[in-house]
Every structure is written in C-alpha cells, then in structure tokens.
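Features reported for this protein in TrEMBL:
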{"type": "REGION", "residues": "1-31", "note": "region 'Disordered'"}
{"type": "REPEAT", "residues": "10-51", "note": "repeat 'WD'"}
{"type": "REPEAT", "residues": "53-94", "note": "repeat 'WD'"}
{"type": "REGION", "residues": "83-111", "note": "region 'Disordered'"}
Amino acid sequence: MADSSLPGPLQGHTGPVRSVEFSPDGTHILSGSDDRTVRVWRVKDGAPACEPLVGHQDSVMSVGYSPDGASIVSGSWDSTVRGWKAPRGHDESSPSGSTPAPLDERKPHGTIFNGLKMSRGGWVENGNSQRLFCVPTDMVKLFPTPETEYTIGSGGMLRADYSAPPFLGDEWHRCYVG
C-alpha cells in the first residue's frame with residue numbers, strides 16, 4: 001500500500017466478523033463471518049473484489065492467504081477447512097473481478113452445480129429428479145461446491161472435479177478414484 005489510509009467500514013457481512021487478513025501484496029482484505037461467508041475486499045476503494053465465497057454450514061472463524069496469495073483458506077465451526085483460488089485481475093467495473101460467478105449459498109439439501117441438487121438424504125439429482133449418486137451422510141456438509149477447490153474435514157480431504165462431464169449410466173464406476 002502506498003499510503004496508510006484504509007477505506008471506511010467494509011460493509012456486506014450480515015453477522016459478526018470473526019477473522020480478517022491482508023493479502024500478501026497488501027491489495028486485498030479477507031474477512032470471515034458468522035454469516036457463513038468469506039469476503040474479499042479491495043484495499044484501494046473498499047469494494048468487493050468478488051462475490052462472497054460460500055459453502056460453510058456454520059460460522060467462519062478463521063481466514064488466510066497462501067504465502068503467494070494465489071489461494072484462500074477458511075476454517076469454520078462446521079468442522080471444515082475450505083480452499084478457494086483467490087480472485088485475480090483488477091476489473092474495477094465489476095464486483096466479480098475475475099472469479100467465476102458464485103452459486104446461491106449452498107445448503108446440504110440445495111443446488112450444488114449446474115442444476116444438480118442434493119436432497120436431504122444425500123442423493124444428488126439432476127433437473128428431472130433422477131438420482132445420479134449418493135453422498136454418505138457424514139460427507140454431505142463436506143461436499144465441495146464448484147467455487148471451492150477442496151474441503152477438509154475430520155474424515156479427510158474431499159475434492160470434486162466439476163470440469164469433466166459426470167459419469168452416468170454404465171460409466172458410473174469410473175468416478176471412483178482409490
């Protein structure tokens with residue numbers, strides 16, 4: 001930062017803020033809140049650098065950047081650590097910066113990706129309510145959303161690859177990587 005002045009209050013969270021951190025290059029501020037979101041702010045003008053990062057099922061208690069500033073991690077009372085790619089670019093006209101458009105805040109029984117929904121029982125269904133696969137109940141809150149690179153919980157790390165088409169029909173067995 002060229003000068004020591006900071007923008008006025010950064011407003012957007014709907015619950016108490018539990019953690020804040022500057023990016024390694026000093027251009028962004030990261031915040032985590034009881035509203036279950038992580039937000040990234042531009043120091044220059046206090047504007048959002050991207051849409052809120054969603055996926056936690058409880059208060060976000062800790063946020064941080066990787067040393068190179070390329071990744072963001074957050075820890076929550078939901079017993080998970082989530083990781084995202086940090087926003088890049090400096091598109092001042094868009095609050096989304098260069099990050100992908102976010103989904104609606106995901107709940108264990110809400111939309112997870114491109115029309116896919118997760119039922120209360122953990123079944124992932126397409127738009128026609130056809131069951132595609134079942135997520136074990138102990139993994140439902142860990143299931144990564146497309147904007148989340150990975151989720152770490154007490155059972156280990158979970159990563160979902162949304163860049164490839166899903167394995168359906170006779171190909172379903174190919175989705176298992178052991």
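Cβ coordinates come from backbone N, Cα and C, glycine included.
Unlike curated entries, TrEMBL annotations are predicted automatically.
Helix, strand and coil counts under DSSP for the repeat 'WD' (10-51) come to 0 helix, 18 strand, 24 coil. The average pLDDT for the repeat 'WD' (53-94) in the predicted structure is 83. DSSP labels the residues of the repeat 'WD' (53-94) in these numbers: 0 helix, 18 strand, 24 coil.
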